[in-house]
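Participant: Before I ask anything, let me first share the structure, which is written out below as structure tokens.
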Amino acid sequence: MEAEPPLYRVAGAAGAQGDEDRLGVPDGSGAPLDELVGAYPNYNEEEEERRYYRRKRLGVLKNVLAASTGGMLTYGVYLGLLQMQLILHYDETYREVKYGNMGLPDIDNKMLMGINVTPIAALLYTPVLIRFFGTKWMMFLAVGIYALFVSTNYWERYYTLVPSAVALGMAIVPLWASMGNYITRMAQKYYEYSHYKERDEQGPQQRPPRGSHAPYLLVFQAIFYSFFHLSFACAQLPMIYFLNHYLYDLNHTLYNVQSCGTNSQGILSGFNKTVLRTLPRSGNLIVVESVLMAVAFLAMLLVLGLCGAAYRPTEEIDLRSVGWGNIFQLPFKHVRDFRLRHLVPFFIYSGFEVLFACTGLALGYGVCSVGLERLAYLLVAYSLGASASSILGLLGLWLPRPVPLVAGAGLHLLLTLGLFFWAPAPRVLQHIWILYVAAVLWGVGSALNKTGLSTLLGILYEDKERQDFIFTIYHWWQAVAIFTVYLGSSLPMKAKLAVLLLTLLAAAASYLWMEHKLQRGLVPRQPRIPRPQHKVRGYRYLEEDNSDESDAEGEHGGGGGGLGDGVEEEVAPAGLRPGPEPGGLGRRPCPYEQALGGDGPEEQ
């Protein structure tokens, strides 16, 4: 009886057609391996690589937009809440009815002190925190501290407001230093992903040409500061849609005000102690604070979910492995760089001018003459002018580098001179258009100042090993300037304008002198970044690559232990140059050899 054929063919067995199937492809052990595991027949490696790097570039743009939006929402919520809180607490009736004899003005003074004084110590801990947590996680934690400050306003007491204000003061410099570092790193990564073919040809260890990322940095900083300056307009939304409905008009609040503008003394001298026509309900206040809290939480989610890492994991490890003592010292060691020393007056002026826009111009000239109910619209004009003018930072793509920064300083110089001789009359609205024009023009100067400084730092200091130190120094000097304004808030307006004018002139002259030095070819002196010292198990003195050696002992140009950019290297005369050491002579003696007093195994 003939055997029935199997229902399913046995793998590898020859069928009726032999070792080939119906398509003519060999089956069984003779089948070609490429047919099974080979590349896809229509696979185009170059096209797939292009698509991969295009996705990487879109990811970088997403990171920039997410960080910019998160910074705008965070600062807008902080400024809006602080402004509304100070106005409510200023009203005498509100304090007596809501809080009795709790001493709310004293709590507000200590809260402002915590916000303005605490950043003075930020230079000691900011680089350590950024290296410990990483740039992205430092941004997230700092935004979370801002959200914590918002949440404490649900229960306004000394033990909630003051500690949260101190924590907020500690987070100010780390937040904006990590933001500046993050935007600069995104520009460098965008350049890498746009020129990946050149990078493959040069090799992964080869650094890109100096200044190659500058066009992308100009664009990204313009985007970031366009969003950042919108935060001043966002901060006025609680005023416009909520608090303005409860305010007295200017005839009541400015009844005892005698002088404004350049003739004023302190902040709003003679301003009425009652500014609220009716007291807002507690339920309405809770709704407004809940909206602000939700926006702060949204900013946290944006930074956490949409912002990618600024460095690769191995780069993060290398940045931390230079030693915590070195990380602590390096911001101070960068003082030897003449470029930073020349830019310090501009850092200080950058803090002065933004505080003057919010207090001197908006309060001393605006509220003092046209009333508290128009404060929000003046700051919106400043915000929109600054946000739109941040695009002017792109002029650096075609003009010489000093032009945008000096143009912003020149515009502020003309405005300061004009304000020095202008004293608007109280309760007169005929000159309100001058206030709006001055606010918009001051915003234009602020935008050129902020975008110019951040772009300049990103171009001068391209090394990823030192960018967080540079932006820490920049924002720390800004915090020092803000603290100085806080101390001098009771000075006459003429004294404030004189200090602002002198700082501006010193900043512009110092910056132009720095550019002149660079054009003459002077090489800046930068501190060395130590080589990463990774923790390993076993006897470290047995390693061929001694990670504990100093820069003078190691070979120049290797990794992070090489010379910094522009550092002058002392070259020994030809007759005194040491030749290459024989293999094995360069290692350190082990502890047993040190105990015997010898210099190593080769000692005779």
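Positions of Cβ are set from backbone N, Cα and C atoms, glycine also.
Below are the features listed in TrEMBL for this protein:
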- 545-604: region 'Disordered' (REGION)
- 60-81: transmembrane segment (TRANSMEM)
- 111-130: transmembrane segment (TRANSMEM)
- 137-155: transmembrane segment (TRANSMEM)
- 161-183: transmembrane segment (TRANSMEM)
- 216-243: transmembrane segment (TRANSMEM)
- 285-311: transmembrane segment (TRANSMEM)
- 343-363: transmembrane segment (TRANSMEM)
- 375-398: transmembrane segment (TRANSMEM)
- 405-425: transmembrane segment (TRANSMEM)
- 431-448: transmembrane segment (TRANSMEM)
- 469-489: transmembrane segment (TRANSMEM)
- 495-514: transmembrane segment (TRANSMEM)
Participant: Quick one: find which recorded stretch in 111-130, 161-183, 343-363, 405-425, 495-514 has the most Cβ pairs under 8 Å with the transmembrane segment (469-489).
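Facilitator: Between the candidates 111-130, 161-183, 343-363, 405-425, 495-514, the best contact partner of the transmembrane segment (469-489) is 343-363.
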Participant: Please check if the transmembrane segment (431-448) comes into contact with the transmembrane segment (285-311), where contact means 3 or more CB pairs closer than 8 Å and the residues in each pair are separated by 6 or more positions.
Facilitator: no
Participant: Hey, would you say the transmembrane segment (161-183) packs against the transmembrane segment (60-81), going by three or more CB pairs under 8 A that are 6+ residues apart?
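Facilitator: Counting Cβ pairs under 8 Å (6 or more apart in sequence), the transmembrane segment (161-183) reaches the transmembrane segment (60-81), since there are 3 or more.
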Participant: Please indicate, using numbers and ranges, the residues of the same chain that are 6 or more beyond the transmembrane segment (495-514) and have a C-beta under 8 Å from a C-beta there.
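Facilitator: Distant contacts of the transmembrane segment (495-514): 262, 338-339, 342-346, 348-349, 352-353, 356, 360, 402, 405-406, 409-410, 412-413, 416-417, 419-420, 488.
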Participant: Which range wins on Cβ pairs under 8 Å with the transmembrane segment (375-398): 60-81, 137-155, 285-311, 343-363, 405-425?
Facilitator: 343-363
Participant: Report, as numbers and ranges, which residues of the same chain sit near the transmembrane segment (137-155): CB under 8 Å and 6 or more residues beyond its ends.
Facilitator: 67, 70, 74, 77-78, 81, 85, 129-130, 161, 164-165, 167-168, 170-172, 174-175, 178-179, 182, 286, 289, 292-293, 296-297, 299-300, 303-304, 307
Participant: For the transmembrane segment (216-243), give me same-chain residues lying six or more residues beyond its boundaries with a C-beta closer than 8 angstroms to one of its C-beta atoms, as numbers and ranges.
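Facilitator: Sequence-remote neighbours of the transmembrane segment (216-243) are 64-65, 67-69, 71-81, 83-84, 87-88, 179, 183-184, 186-188, 190-191, 194, 280, 284, 288, 292, 358, 375-377, 379-380, 382-384, 386-388, 390-391, 393-394, 396-397, 443, 446-447, 450-451, 454-455, 458-459.
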